[in-house]
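The structure under discussion appears below in the form of structure tokens.
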Amino acid sequence: MEIDDEAPLSDSVTIAISLSPSSSSSYSSSSSSCSASVVPHPFSPLQQTAESPPFRPLRMSESGGMLSLGGWSHDGERLRFVDAEGNEWGNVVNRFNQLATVKGGRNGHQEVVKWSDFGSCIGMRETAEFGEEVLRAMRGGRRDWKRDITKSELHSYWCRMTDPWLDSRILLFFDLCDRNMDGRIDEREMKQVISLISPINKLAIKKKEAEEYAALIMEALDLQHRGYIQASEFEALCKAILPKGSSTISYKKNHGQQQEPISKAEILFRSYWRRAWIIGLWLMICFALFTWKFIQYSHRAAFQVMGYCLSTAKGAAETLKFNMALILLPVCRNTITWLRNNPGLNSVIPFNDNINFHKVIAGGIVIGVILHGGTHLACDFPRISGSDRSVFRQTIAANFGYQQPSYFQILSTTEVASGIAMVVLMMIAFPLATKWPRRQSPSLPRSVRKVTGYNTFWYSHHLFVPVYALLIVHSMFLFLTDNLVEKTTWMYIAIPVLLYAGERIIRAIRSGFSEVEILKVSLYPGKVLSLKLQKPKGFRHKSGMYIFIQCPQISPFEWHPFSLTCGPEDDYLSVHIKTLGDWSCQLYSLFEEAILTGLKQYPKIYIDGPYGASSQDHIKYDIVVMVGLGIGITPFISILKDIATRLKKSSSNHAACGEGSLEKIPLKAYLYWVTREQSSFNWFTDVMKEIADTNQKQAVVEVFNFLTSVYQEGDARSALITIIQSLYQAKYGIDIVSRTPVRTQFGRPNWFNIFSKLARRHRGARIGVFYCGPMTLARELEKLCTKFSTKTNTIFVFHKENY
């Protein structure tokens, strides 16, 4: 399927709506990649009031018939009454058999289901009320429509709902809206249907809004002011607005595109070479240190007593020294933020993966502890206590005061006791730092969930302080040497410990002076807290950065990271905090109480930062794709604001960059915001309006909102919402869901289609894909980046936010 390279990247049908014989207007409706035009016909213009903007009506043909849309009447994707997948007739029969009871009648005994189970039978268990309305419409609204359903009746209803002819399904939809079944729909009936479908789609539509939307449909179709609309008019509206099913672009048919496919090995190398060389270097150093100590102790006198167990333990110990030093560097955030400003270093070192590297090193420490401690406990110590006395005297007796110790005497020594204590503390801290306990996964037993969570992770992770103290003690008391030159642990850890300690001291001092004044507090639906803070003197940040926040009223020790949602040139700082854990819940409650009780003073807030994040790398790309799930949009809000500010400067003949910055404006930026709650769009209404205003001059940013609580476009349960949305936006330029100029699409995005269109529009480009949200979608997007980078000559580079 050929696609216009300049078309919007939403899955949309562009429909020309006739305004007059000589003028037209267009608007978009999602979920298709085809375009179609409605043929204009002469008509009498609508009477307008001075207060209302001119409405752009859909027109009927002069004969009152339906407008021709190029053979779209036969379309199984538009206006579906059943889900596209998993709802074949066989599945319906299975559900019927599970719910059916045997009843006697004129035709003998037969299986029937209750009328109230109709929704469950056809796969609408969650929207049974809508299923009942469909049944009422198919039974003609008769008084006895609430009667049992036989299998043959169910099959006839099923055939009607799945009729491949669009006209038939539209007529069924008309009957559903026609409450009294008189062949007409008036404004009252339309309002009733709107009130029915809004809770089904989890939309907050007030009574006055339902009245306004019903009047809007009547205004569009009832041009003769009869007070009702008929089936032919309703059918034309549905055909003009309801989307056609989304289609997938095949890259097997090249459409004349000259591609140079890249091998998967090459794209993997391009995507991961920076990680690969860092991990490779780390493994080489670990292997070299292990080998060096292994060989060294293979030539010591103690080798005659303990053999290769000693060499293995000492080799592992040397890697432990190195890793215990190295593990501190990835969490020196100030240092990393400073280093990543160097373009040369940032191009070869993956600073965005600092936390991942921290975890990898932790895995190396676990392996080292198992080898070192396990070999000592299971092999070395038993051999010392059980070795031949003559061999013991000739080799290592001097190190033990010429008395051969027992196994338990060895365990009671300072070096062994300190080592065991370190292992115990690590066994507490390491499991609590893994994903499931840290996020209180529902898969964990309830008793375990009570003692886990972010707070438990945070406090247990600070057991590293006694661990490093014990490490020093452990390294100074060694069985086999008194030579200080060989006691090298302090040499490994001195600089990293001093660097990390210095960072913590600087952070404590800086945050101690950074009690910020709270300028404004906003509480949004979904328990989202928005804080507008006074910008500290000398505070500079770039778009995509984040800060740490502390509330001493909750805890004087806990600091939590939050993305800045203000632009670099704003004279304030702002963050949006969603209550996802115990700390954020307490913070929300404190501010909620302060607002409700009218307190003059808000809880104290301290900040620390700013710190760099992967979103900063958007300046490396001319084409930027940002994907945020729910509150995951926050890292990209500051980027949008920054782009809007610099575009305004550019249009005013100023430098298109921030103060003292050489950052460029991307040629194109796409934002995909996916959320399950309509109220989420309230968080950044002003930003979306600002972007829409900026785009009228320079269309650099394209924003796509997806609301997953509403049934996918094309589903009968959301069809009327789609119609109202299109009419309202055509008249007022505002989306009824988000209340911004950005049109909201329903259901989950078709990421394959989105990447397909991006690849076709930006052939040969290098596109940065930035994501903030759960790992499930991160893996899917990363796979698509690799797939399309391999199959096309467009390169997609994936980045994920890690705090």
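Every residue gets a Cβ built from N, Cα and C, even glycine.
Among the features that TrEMBL reports, compositional bias 'Low complexity' is placed at 20-37.
TrEMBL lists 511-617 with the feature domain 'FAD-binding FR-type'. Model confidence over the domain 'FAD-binding FR-type' (511-617) stands at 87, taken as the mean pLDDT rounded to a whole number.
Taken from TrEMBL, the feature region 'Disordered' covers 20-39.
The annotation transmembrane segment is assigned in TrEMBL to 276-295 (among others). Same-chain residues lying 6+ beyond the ends of the transmembrane segment (276-295) with a Cβ under 8 Å from its Cβ atoms: 269, 311-312, 314-319, 321-323, 326, 348-350, 357, 360-361, 364.
The transmembrane segment annotation in TrEMBL covers 416-436 (among others).
Marked as transmembrane segment by TrEMBL: 457-477 (among others).
Annotated transmembrane segment per TrEMBL: 489-506 (among others), in sequence order.
Here the transmembrane segment (621-640) has long-range neighbours at 528, 543-546, 562-568, 575-576, 578, 580, 613, 615, 666-677, 680, 683-684, 687, 691, 701, 703, 758, 762, 765-774, 777, 781, 796-797, 801, meaning same-chain residues at least 6 beyond its ends whose C-beta is under 8 angstroms from one of its own. Positions annotated as transmembrane segment by TrEMBL: 621-640 (among others).
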Query = So what's near the transmembrane segment (457-477) in sequence-distant terms, Cβ-Cβ under 8 Å and 6+ beyond its ends?
reply = 321, 324, 413-415, 418-419, 421-422, 425-426, 428-429, 432-433, 437-438, 487-490, 493, 497, 557-558
Query = Taking a Cβ cut-off under 8 Å, which residues six or more beyond the ends of the transmembrane segment (416-436) line up next to it in the same chain?
reply = 362, 365-366, 369, 373, 376, 381, 410, 443-444, 452, 456-457, 460-461, 463-464, 466-467, 470-471, 473-474, 477
Query = Under the DSSP assignment, what numbers of helix, strand and coil residues are found in the domain 'FAD-binding FR-type' (511-617)?
reply = 21 helix, 38 strand, 48 coil
